[in-house]
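Chemist: Let me begin by handing over the structure; questions about it come next.
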Amino acid sequence: MTDCLFCKIVSGDVPATIVHETARTVAFRDVNPQAPTHVLVIPKGHYENAAALAAADDGLADEVLTAAHAIAVQEGVAEDGYRFVFNTGPAAGQTVFHVHGHVLGGRTMHWPPG
Ligand code: 5GP
Ligand code: ZN
């Protein structure tokens, strides 16, 4: 999509600090981190939200999940614990409509989230 911020990060038109990449996924640091580790994992292809990604039905959602855990290990937060969150839709706080999972770690998390 030409007018999508995260597609522009995939293409390199918008800079980002990339921390992990596979053939079909890329992960980069959130510009406004909410935890010591805050990385966004996305498929390189454009899907609006987690439901659309799941409906792709070709293993891509699995690749995103696998990448998230690899990032947690790489960031040193896997052992203590981390959160992997997909805000899905405006009421959940989704503001960028290219599906992204937030890998959050490095501090104690609270439940339920606000
Ligand atoms: P959402 O609210 O849609 O679940 O998450 C969007 C996330 O994208 C937010 O945490 C926000 O800080 C992050 N974000 C917005 N614009 C940029 C950007 O230009 N670069 C990076 N790295 N993160 C961004
Ligand atoms: Zn996009």
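Quick reminder: no glycine exception, Cβ is built from N, Cα and C everywhere.
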Chemist: Write down the single range among 13-17, 88-92, 98-102 that appears in TrEMBL as motif 'Histidine triad motif'.
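Modeler: Motif 'Histidine triad motif', as annotated by TrEMBL, spans 98-102.
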Chemist: Please list residues from the chain of H100 (active site, tele-AMP-histidine intermediate) whose Cβ is under 8 angstroms from its Cβ, counting only those at least six apart in sequence.
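Modeler: Correct list: F6, L40, V41, I42, F86.
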Chemist: Is it possible to list how many residues within the motif 'Histidine triad motif' (98-102) are helical, extended or coil according to DSSP?
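Modeler: Reading the DSSP string over the motif 'Histidine triad motif' (98-102) gives 0 helix, 2 strand, 3 coil.
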Chemist: For the domain 'HIT' (5-114), what does DSSP give as the number of helix, strand and coil residues?
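Modeler: For the domain 'HIT' (5-114), the helix, strand and coil counts are 32 helix, 25 strand, 53 coil.
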Chemist: State the mean pLDDT for the domain 'HIT' (5-114).
Modeler: 97
